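Student: Got a structure here, written out as structure tokens. Questions coming.
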Amino acid sequence: MVQFNGPHGKVTVSYLRQGGLNPPAPAPKGSFTGKTVLITGCSSGIGYQAALQIASLNPKRLILGTRTLAKGEAAKQEILATVGPSLDSSIIEVIPIECSDLSSVRQFTTTVRKTTPPGTLDCVLLSAGLALPTREVVTDESGHEWPTTFVVNVLAPALLALEFLPLLQSTPGSVVESVNSISYCNVTSEDISPLLSSQDEATGTTSALDFFNNPERWTTQRAYYEAKLMLMFVLEGLVQDQAQQQASQPGEDRKVLFLACCPGQCRTNLYRQFGLGVRAFMTLFNAVIARTAEQGARTLVTGLLLQGEEAMGKMWVNDRFDDWSPGITEEEWKVLQKRVWEEIKGVLGKA
């Protein structure tokens, strides 16, 4: 869980620069021997680099969830060529998933469950992410419109974790890791004060999801930071719900390790859909400040190897658990986390 007595304030350039100068350590050889690992968002960037590293660490099975079959097959062939003849091509399986479409996410989980016996899904790495220069929307299964970035960055990983939960609970030592960012700490009490002080006449409260996704307050940066905050709320909700389930079934030990990781500022194609000016600036900025995608992916990979209560609900960054404190108070966090998590489960039909 997050802590509220650590360093405060928005994440600085100097913090990012230190990460670039001090990349994390790679995972030990053979780390995934006998394990089945599933990764989403792995056709390029950090997700691809994580898949490549895991493929070289002797997994039993590696499932690549990519937007299209063609992108996934291209990634598979590149991984096979890079790792070399020691990697059997049958180990890698490609299954398409469009994370902006919740019905596609459900179909993906159905396909995986059909081909994955109970007790054999060891690691799930949720690395699909999206940044857009403008507010685009998609319609969910109930007809409600949401920003595409919110669906990809928050709803899809939440749904994946919930859909895979029974399969993960049947696998001893299973891990679900979501790729996040400590930039969730950039959301401040001032940013959320309108939500906490407003009420709907009918229900007594205002929808937190509608507030965060209001087109009148949408900016690329705000949407990114707040999506990361909501993803932390999802993480805490998964941990708390599991604890409640364990308490009601004391004789069963079916605990899944849920955690987040932050790869740091990395040189990727995240801003590929932005204008030339933004892309040029980020290229220069990343050249000076950032890690390579390969270095950032090390954090994703080593995070999957963590075990124990010490890691539960934590964020793994720079080879340690993050100690940065949120930009909102502990009381604000408790209120918002509960509201956001319950609303997300309602949207996903998991309430």
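Quick reminder: no glycine exception, Cβ is built from N, Cα and C everywhere.
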Student: Among T12, T66, T120, which residue does Swiss-Prot annotate as binding NADP(+) together with I46, E98, Y224, K228, T268?
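Tutor: Swiss-Prot names T66 for this NADP(+) site.
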Student: Calculate the distance in Å between the alpha carbons (Cα) of E98 (NADP(+) binding site) and K228 (active site, lowers pKa of active site Tyr), and round it to a whole number.
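Tutor: So the Cα of K228 (active site, lowers pKa of active site Tyr) lies 20 Å away from that of E98 (NADP(+) binding site).
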Student: Among residues I46, T66, E98, Y224, K228, T268 annotated as binding NADP(+), what is the maximum Cα-Cα distance? Answer in Å.
Tutor: 21
Student: Give me the CA-CA distance between K228 (active site, lowers pKa of active site Tyr) and I46 (NADP(+) binding site), in Å, as a whole number.
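Tutor: One finds 17 Å between the Cα atoms of these residues.
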Student: Taking only the Cα atoms, work out how far T66 (NADP(+) binding site) lies from Y224 (active site, proton donor), in Å, as a whole number.
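Tutor: With the alpha carbons as reference points, the distance is 21 Å.
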Student: Inside 10 Å of the Cβ of Y224 (active site, proton donor), count up the other Cβ atoms and send me the figure.
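Tutor: By my count, 21.
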Student: When the number of other CB atoms within 10 A of each residue's CB is tallied over all shown chains, which of the binding-site residues T66, T268 has the maximum?
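Tutor: For the binding-site residues T66, T268, the Cβ with the most other Cβ atoms within 10 Å is T66.
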